[in-house]
Amino acid sequence: MSTMNAKAISEGEEEASGMRNETLVESGHSEEIKRGQVILVAYLIAALDLTFLFMQFGIIPYLAKSLGLDSVGFGYLQTTFGVLQLVGGYIFGRFADQFGARAALILSGASGSVFFLLMSLSTSIPLLFLSRLPGVFMHGIPGAQKVIADMTTPSQRADALGKLGLCFGIGMIVGSALGGVLSTKFGIFVPTYVGLVGSLINTLIAVVWIPSQTKPKLNQHVTENSTSQSGSLFSIREILRLMKFPGVMEVFIVKVLAGLPIGLFMIMFSIISMDFFGLEAVESGYLMSYFGVLQMALMRTVWHYCIIAVPLVFAFSMLATITDSILTKAVPSSDTGAMLGICASVHPLTRTVGPTIGGVLYKQFGVSSFGYLQLVVNIGLFVYLLKSKISLREMKSQ
């Protein structure tokens, strides 16, 4: 009798164990689906954010010109925006680490809304400069990257971050073309109204669809015991601490140098479109829609732009994806937001120094100088990467 009872108990325990395993499998599958949905929402937010950003990139030179701002003043305007984003990039990343990716995306969307509101009211040069101020917290891409970094494993991260390149392409194509068409057909301020409404919608999407905590429970525990030595949102000591992790400084320098020539041309693109090629706003928008941020060597016509577009944009996207993936893996999970914020500061850094350097290159040496600069930088980096052995170790498990 006791043998039968023991057998029955054993069978009951096995059945209960099997049911628990099935429940765990179903729960894990459900969580995986939810993570996938949240990442898709992050892609949507990034695509919309980039669409509105490129929409204003396309019209701002023409708006500035209509207000009587000359090329030197336009350079100051670009520099102002670059400095604000340079300072705000790291602060935004630290904010995301401390308050979560959803709060960071809401901050970015709200800042974008104020940005476009002020821009729509810019009927004078001082108001146009004032409209740049909210740009300090307009970092939708780092916010989306933060969501992806939190919700993917290190082995999945490069692939997930790489798909943001598609969002970048969509934003560039749609935003550039839409900005040109709307400003030409309906007025220079209409794109700013669209950007205002769109930024409000983006903020609402973040509130509704992004969870308050995107880090897994294990990583939340790691965050609570963060290696950060400062609770402030901006700390030079914290930046230097992150740069001391193995391989981080070397990869970051490669990222900055490789992106510098492309960034310089991005700054000068609108001026070159108007001055060198004599394009109107809508034509400039169509051109940027095709190739985005380009470099050139031996270019003399718009068709030369188009020929070099494919390999250049491919290289630009690959560089951003690979370096961002490496750098976020090289620091603890509690510091991924700060690291992404530092990465996001690379382009604002270029926009800060770009107007001066780009203006000198264009006036003194012509359009092709941007291509020659990119060629020299690429050869130098190629030789350096061949000879160097950058050591990186996984920090997520610590």
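A Cβ is built for glycine as well, from the same backbone N, Cα and C atoms used for every other residue.
If you look up TrEMBL, you'll see 35-398 marked as domain 'Major facilitator superfamily (MFS) profile'. The domain 'Major facilitator superfamily (MFS) profile' (35-398) scores a mean pLDDT of 78 in the predicted structure.
The region 'Disordered' feature in TrEMBL is assigned to 1-24.
Here TrEMBL flags 38-63 (among others) as transmembrane segment.
The transmembrane segment annotation in TrEMBL covers 75-93 (among others). Listed as Cβ neighbours of the transmembrane segment (75-93) (distance under 8 Å, sequence separation of 6 or more from its ends, same chain) are residues 60, 64, 69, 104, 107-108, 128-129, 132-133, 135-139, 142-143, 146, 233-234, 239, 267, 337-342, 344-345, 347-356, 359.
If you look up TrEMBL, you'll see 105-129 (among others) marked as transmembrane segment.
What TrEMBL lists as transmembrane segment is 160-181 (among others).
Distant neighbours of the transmembrane segment (188-210): 37-38, 41-42, 44-45, 48-49, 51-52, 55-56, 58-59, 62-63, 66, 101-102, 105-106, 109-110, 112-113, 115-117, 119-120, 140, 143, 147, 178-179, 182, 281; these residues of the same chain sit at least 6 beyond its ends, with a Cβ under 8 Å from one of its Cβ atoms. The transmembrane segment feature in TrEMBL is assigned to 188-210 (among others).
Taken from TrEMBL, the feature transmembrane segment applies to 252-282 (among others).
Sequence annotations record features per position, and here TrEMBL assigns transmembrane segment to 302-322 (among others).
The transmembrane segment annotation in TrEMBL covers 365-386 (among others).
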